[in-house]
Amino acid sequence: MKILMVCLGNICRSPLAEGILQYKAEQEGLLWTIESAGTNGYHVGEAPHRLSQKVALLNGIDISHQRARRFTAADFKQYDKIYAMAEDVIDEMQRIARKDFDASKVDLLMNELHPGKNMDVPDPWYGTEPGYHEVFAMIDQACDTIINKYRVLNP
Ligand code: 4NP
């Protein structure tokens with residue numbers, strides 16, 4: 001399994017999603033590749049937001065080594081599954097990938113937890129620390145579902 005987590009800046013939500021799913025996959029002994037990217041280039045090369053790093057570490061996950069990169073059309077060739085944190089992220093992915101956009105590989109992350117509800121993971125960028133805890137909890141639950149769903153088929 002090669003999974004890509006995508007948000008806008010690749011510094012708040014998708015670094016948490018990468019770190020959380022990587023941690024859970026390792027705990028289960030799954031040899032999955034999990035990475036993340038952002039649809040805008042404003043923070044390329046930066047480490048995750050300090051509050052994403054803090055909240056991850058409070059939950060035993062170190063994401064400090066991650067560096068932001070931009071989502072590209074070629075990502076559709078590299079990954080089996082691409083999870084977007086929100087609807088506006090999918091719009092941006094379509095704009096970037098154009099003819100290479102492969103809807104069969106894309107879903108909103110929260111649809112794993114609440115199928116068909118099309119819920120966004122809210123962007124904590126303009127908010128304070130509680131928003132990052134809320135986002136962590138949402139992503140954490142969705143990642144549990146992903147592990148349970150795919151681990152039998154993709155060890
Ligand atoms: P993220 O949050 O998409 O969860 O990484 C954002 C971070 C930065 C910006 C937007 C969203 N920005 O426009 O700089």
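Cβ from N, Cα, C; glycine included.
Features reported for this protein in TrEMBL:
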DOMAIN    1-149  domain 'Phosphotyrosine protein phosphatase I'
ACT_SITE  Cys7  active site, nucleophile
ACT_SITE  Arg13  active site, nucleophile
ACT_SITE  Asp123  active site, proton donor
Whole-number Å only: compute the distance from the Cα of Arg13 (active site, nucleophile) to the Cα of the residue listed as 'active site, proton donor'. 7
When each of the active-site residues Cys7, Arg13, Asp123 is scored by other CB atoms within 10 A, the minimum falls on Asp123
Compute the C-alpha separation of Cys7 (active site, nucleophile) from the residue listed as 'active site, proton donor', stating it in Å without decimals. 9
In DSSP terms, helix, strand or coil for Cys7 (active site, nucleophile)? strand
Just give the helix, strand and coil counts over the domain 'Phosphotyrosine protein phosphatase I' (1-149), going by DSSP. 69 helix, 20 strand, 60 coil
Restricting attention to the domain 'Phosphotyrosine protein phosphatase I' (1-149), give the mean pLDDT. 98
